[in-house]
Amino acid sequence: MTKADILQPKRHVGSNQHPSIGQLALQGLAKPTNLYIAPSFQHMFMDIIQFLRSDQLVANIQSYFGVQVTPVTKDFDEVYTKKNNGYQASNNKYECVINNKFWYYLFKFGTELGDELFYSMFIPFWFWNIDGAVGRRVILVWAIVMCIGQAVKDIVRWSRPEYPAVKLQNKWVLEYGMPSTHAMVGVSIPFSVLLFTLNRYQYNIMVGLVLAVLWCTLICVSRVYLGMHSVLDIIAGLALSILLMVPLVPLVDQFDNYFITSPTGPLLCLVLSILTIIYYPASDKWTPTRGDSTMIVSVCVGVQSGSWLNYQTGVMSSAELSPPYAIMWPSFVMIGCLIIRTVLGFLIVFATKKLAKKFFYNVICSFLRLDPDVIRKSKNTLENKHKAIVELGCTYLTYSSVGFNILYTIPILFRLLGIERPTFYTEI
């Protein structure tokens, strides 16, 4: 592969759709405009962009961490496609060998820090065992940043890396790659935790900063290592997340206060979340990003609704002491209660998710007079509107129920069992 091949922009083969905003942007950068830009600077800028987006760079990074790719055959199949009026050279026959298991398992773990499994464990654990006030603010930042990032993916429509880079995971292959929402999570969650605990607790700020940077770095490098994102995708995700957090972090306190104390807080949260799902940007193919965004906003709605009900019923009240609070080493009794809360709470969350998903799926299908089994087996396409409505509705109701239980129902059970965290209902 020559340098010219590496620097060529990638094209979507087999699609007769209009070019995406991302493609138009690249074309526009290469066209002369009324604003004079020195040709050498323009070419250098384009070279940098294409280099950061190149599949070869991803392959080089994978090779550095011990991923060896060996082509099985050197024969290329040329397939004529009428939709693109040309030929596509393809060679997907290769063998991939992992020479360094340490990096493989480390980056597999790192990429899970931006996935649903991590959310379903981190969110309830934080509320039940650490700090609800910080948790609500982190959830708001996470939801807004992630929904915008997911929407941008379907607007820009840049493909994920291809050969010579290899995908070591196929879970997200149906999504577009620009920007990396994993990178956005890698910024929004650890750094919002750092910012919201900064004036609330007494601890070594440098330790928190180092942990946040390591967390973010692990996620970002893991996405390139697994072949799911180009370096440019990662940089764009980091930049967009930082850009969004600059105005968000100062405003989140006001948002959280309104959603909890105002009688119309849950209603506004509900309306905004539904509008986000309805007016989600259309893509040229089916992708799971709309469903992921629905899951995220519904968790946020459930968390805010549970907190609102705690406050409105008088269960939640302000703490007598004002921050910053000293961090105390837990006693054996506190550790025991933490373990019981976590295990029992996770079991209830898991049961809620399983039962609610099946229940709401059947209820929505019954309401629309559809066969649940037929809908489940049908393919996910843009034309399959019935399945989209059923699955989005089911996801919304299921995860909002999970979020509500995390903040309202399960803490009541903890109180009845005498294992509640003493400051849970004082964190406003």
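Any Cβ shown, glycine's included, is placed from N, Cα and C.
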Out of 176-198, 406-428, let me know the one TrEMBL marks transmembrane segment.
176-198
May I ask which of the stretches 138-156, 205-225, 231-252, 264-282, 327-351 has the most CB pairs under 8 A with the transmembrane segment (176-198)?
231-252
Would you say the transmembrane segment (205-225) and the transmembrane segment (264-282) are in contact under the rule of three or more C-beta pairs closer than 8 Å, pairs 6 or more apart in sequence?
no
Summarise the model's confidence over the domain 'Phosphatidic acid phosphatase type 2/haloperoxidase' (136-249) as a mean pLDDT value.
91
